[in-house]
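The feature active site, proton acceptor is assigned by Swiss-Prot to 67. Taken from Swiss-Prot, the feature NAD(+) binding site applies to 67, 68, 72, 138, 139, 167, 175, 178, 179, 180, 181, 182, 183, 237.
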């Protein structure tokens, strides 16, 4: 594989900066042109040409940081064709990043030489009152504001699936099943499956449980006209208000995200639970 490699790095993190410097050193020694994303502000990386993930991403991009860094990068990408991402964990948890920092150089060499498995992750376009807002990677939560009750109706391809009086609902992808949905009692979805998970949050209707639907479904969340004002949170990054009677539509986005995986399926659940226990 040839061509420049872009670098996106978590901000205000000494660990992420140290890992990024190792990555840059290896790339330079390998004769690869290094481009640094416009959001990176470390003086040690200031001497390299800049790029923007939202305008002109190179064909390959290394992301160093945690889940938040990765999710922000994907949101900034918009609906552009995805570069091939390599992800290096330099955050506290990093469920979505499979390369540990101690193996960063070795895996970077594998990345440059094509020794990996490319996995394409679907994303879902989120509409607020008919206007496209973003393509989510993890989840979209429609929740109550100011600790008041949320009343929402959830539809799948036009059919009513849930009436919820409670804290709201989380609509998650397979990748997002270990995030907010899991905290709300939703299932862990094997990463080899391609589905959408609908998880009610603390419903008064105690019989309500998560529903798993096909990835091609169109999910609609309608705020009841009797509901309090709600909040729509996309991937924990973009937040919007939703008035009573407002509608959120979610459907598959045309462009997925390409990620180079190295040991993603090996000991997956062991690694998953190890990272979950890190919250203890």
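Backbone N, Cα and C define each Cβ position, glycine as well.
The structure, with features from Swiss-Prot marked on it.
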{"residue": "67", "record": "active site, proton acceptor", "Cβ contacts under 8 Å, 6 or more apart": "91, 93, 94, 95, 96, 97, 138, 179"}
{"residue": "72", "record": "NAD(+) binding site", "Cβ contacts under 8 Å, 6 or more apart": "237"}
{"residue": "139", "record": "NAD(+) binding site", "Cβ contacts under 8 Å, 6 or more apart": "170, 171, 172, 173, 176, 179, 180, 181, 235"}
{"residue": "175", "record": "NAD(+) binding site", "Cβ contacts under 8 Å, 6 or more apart": "96, 121, 137, 138, 191"}
{"residue": "183", "record": "NAD(+) binding site", "Cβ contacts under 8 Å, 6 or more apart": "none"}
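Ranked by Cβ neighbours within 10 A across all protein chains shown, the binding-site residues 179, 181 are led by 181.
In this structure, residue 175 (NAD(+) binding site) is part of a helix by DSSP. When secondary structure is read from DSSP and collapsed to three states, residue 183 (NAD(+) binding site) falls in the helix class.
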